[in-house]
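Okay, structure first, notes after.
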């Protein structure tokens, strides 16, 4: 029996939108809210959902580009579809390469964050906290509010004091590591205050391991 050939026409597109318009609207509204309010300083859970959505964009784009290649309307569409497919695959590979390089430098799964390649690293009481930051800041601010420690507005934990803040904070990138030196510390009252860290050094380093090994904890060059 001959196979049925499906053609994507304007009437089919209109009928598809009529049937799926409500569901598509809800999905787009959900994605818009997540992208709008997904920040580490607001909700870590929403931010993780946002990262998952952004991460899924690449494979979805590649699948759609390949679909366009298979079902191209004409040679012009086919040519553009092939170019878009190649570009999407190359950019996705570059993302993985950069993420793996950053993971080698920091050892944190935040290295695979699709939004940024800047990872802020702070060692407090022997625990290294790694959090993503969007921009390359010249200064970083640590705030302690009655034992609640925030770094660039991102909450790290509770039960800390200003004396627990380290002398240095680092921001890891794919190609280098930025070191920030504590330049100012001020106590607002007995249990609250803030510290300002200023960028002082940039080099090709990796973070030292926080496991006890008897070696110097200085930054290790790679």
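In case you wondered, yes, glycine gets a Cβ from its N, Cα and C as well.
Per Swiss-Prot, the features are as follows:
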{"type": "CARBOHYD", "residues": "9", "note": "O-linked glycosylation site"}
{"type": "TOPO_DOM", "residues": "1-19", "note": "topological domain 'Virion surface'"}
{"type": "TOPO_DOM", "residues": "65-75", "note": "topological domain 'Virion surface'"}
{"type": "TOPO_DOM", "residues": "97-222", "note": "topological domain 'Intravirion'"}
{"type": "TRANSMEM", "residues": "20-40", "note": "transmembrane segment"}
{"type": "TRANSMEM", "residues": "44-64", "note": "transmembrane segment"}
{"type": "TRANSMEM", "residues": "76-96", "note": "transmembrane segment"}
*Secondary structure tally of the topological domain 'Virion surface' (65-75) (DSSP, helix then strand then coil)*: 7 helix, 0 strand, 4 coil
*In the topological domain 'Intravirion' (97-222), how many residues does DSSP assign to helix, to strand and to coil?*
17 helix, 60 strand, 49 coil
